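For reference, the structure discussed in these notes is given below.
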Amino acid sequence: MTIEAEVLAYKVADMSLAEWGRKEIDIAEKEMPGLMATRKKYAGQKPLKGARIAGSLHMTIQTAVLIETLVELGADVRWASCNIFSTQDHAAAAIAKAGIPVFAWKGETLDEYWWCTRQILEFEGGKGPHLIVDDGGDATLMIHLGYKIEIDPSLLDKTPGNIEEKALFQQLREVYEEDSQRWHNVAAEMKGVSEETTTGVHRLYQMMEKEELLFPAINVNDSVTKSKFDNLYGCRESLADGIKRATDVMVAGKVVVVLGYGDVGKGSARSMRAYGARVIVTEIDPICALQAAMEGYEVNTMDEAVTEGNIFVTTTGNKDVITLEHMKKMKGEAIICNIGHFDNEIQVEPLNNYAGATKLNIKPQVDKYTFEDGHAIYLLAEGRLVNLGCATGHPSFVMSNSFTNQTLAQLELWTRDYAIDVYRLPKQLDEEVARLHLEQLGVKLTTLTNEQAEYIGVPLEGPYKPEHYRY
């Protein structure tokens, strides 16, 4: 399962799956034109040569194509998943067989998860990474929290707020006991992080506002070719895939409550309506609520919708949007799942600790909870990402958009010197990512004349929209 060296070479579930993984990677490459075009553009140049990149992002077939793109561009890469259930074991095995250090398997414990995250931050010779590809911000969090502990070791004595925090602090305690300046040394060499998802971006902006951010960050999530494609069209396909693989439920005729109507919520609501469900949306934002209403969705509070829904989908990036009290009031056989990043959108820990409910595992990532009054609910993927825990995540083509942005962000951070702040990729690069994906869809762009370009005040080659344009 492992190979020992100065640092661990890999830890995956089953190396015999590598050939299967390689076959699927070959198929995915044909569906990821942005990444393949980036490889071709920089062939032989190795613009990431010398860069040590730590990746904390779902270890899927699509991510394997990203990893091998970064390696082809010259980087030294170590990888772990950012979710205990999202790894595709055949993908991890294929990457390990290719000689790339990877620490990921489906069904990690929280202790194992944070151990894996620690491994990607430990390169040969005791060095840390120069760059991070993050999804949810956990690798970035580990460095920042470790840095704080080195300043104030009493933080290690505080009582953990939950079981995940306990697992993280155990790893940080071990690091501190081995080297009390480890994270200061790591931070000193960091060139930056590119962050994939809404939750991680929120963390970055919060750290920047508190003047705690230790290195530059690029917000990949808010690139148009990420948020308006991965979050919207990706969720539109992968949500239903996860729910159906887990439960075989017929969605048509059911009432589906979608909590949140951002880009992920929009894609989720469209998916469920397309299957014939009646969709109720909950929202805190009046603009998003108005959008949902104008699309024909009922918009109501969770307290009102809780007794109507057959299926509940959280998409908010916030915590406690489905509480234990909500679950007590739900219809019998209600299905609950999350397609936001963390499991704290649903009060999973209070549910597991509640003496008035009996838990029965049906199959991996499907648990039935029966309450004292006899009604039962089904929780998918333990409240973590249903599309990756119960299925295989977004399709390759839409992930090519996101991962091309990630690659460009890594190139930006490595080849340029950024001051500490949170940045977005320039509009011109956003348009270039879209352009790379048009030919495969048979799209033919109209070309402006010089007079037309001058009339609307844009360059012939773009960008064609101002930074504030919302698409």
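Every residue number used here counts from 1 along the chain in the order it is shown.
Just so it is clear, glycine is given a Cβ too, placed from its N, Cα and C backbone atoms.
In sequence order, Ser86, Thr87, Gln88, Ala91, Leu388, Thr392, Gly393 constitute the residues six or more apart from Thr60 (substrate binding site) in its chain with CB-CB distances below 8 Å. The substrate binding site annotation in Swiss-Prot covers Thr60, Asp135, Glu196, Lys226, Asp230, and the record cites sequence analysis as its basis.
Feature annotation from Swiss-Prot assigns NAD(+) binding site to 197-199, Asn231, 260-265, Glu283, Asn318, 339-341, Asn387. In three-state terms derived from DSSP, Thr199 (NAD(+) binding site) belongs to a helical segment.
Classification of Gly262 (NAD(+) binding site) by DSSP places it in coil, neither helical nor stranded. Sequence-distant neighbours of Val264 (NAD(+) binding site): residues of the same chain at least 6 apart with a C-beta under 8 Å from its C-beta are Thr198, Asn231, Leu232, Cys235, Thr315, Ile339, Gly340. Taking Cα separation as the measure, Thr197 (NAD(+) binding site) is nearest to Asp135 of the binding-site residues Asp135, Lys226, Asp230.
Note: the CA-CA distance between Glu196 (substrate binding site) and Glu283 (NAD(+) binding site) rounds to 23 Å. Set side by side, the binding-site residues Thr197, Thr199 differ in how many other CB atoms lie within 10 angstroms of their CB, and the most is found at Thr197.
Summarising the environment of Ile339 (NAD(+) binding site), the number of other Cβ atoms within 10 Å of its Cβ, over all protein chains shown, is 30.
Take the binding-site residues Gly260, Gly262: by the count of other Cβ atoms within 10 Å of each Cβ, the lowest one is Gly262. For the binding-site residues given as Asp135, Glu196, Asp230, Glu283, the lowest number of other CB atoms within 10 Å of the residue's CB is seen at Glu283.
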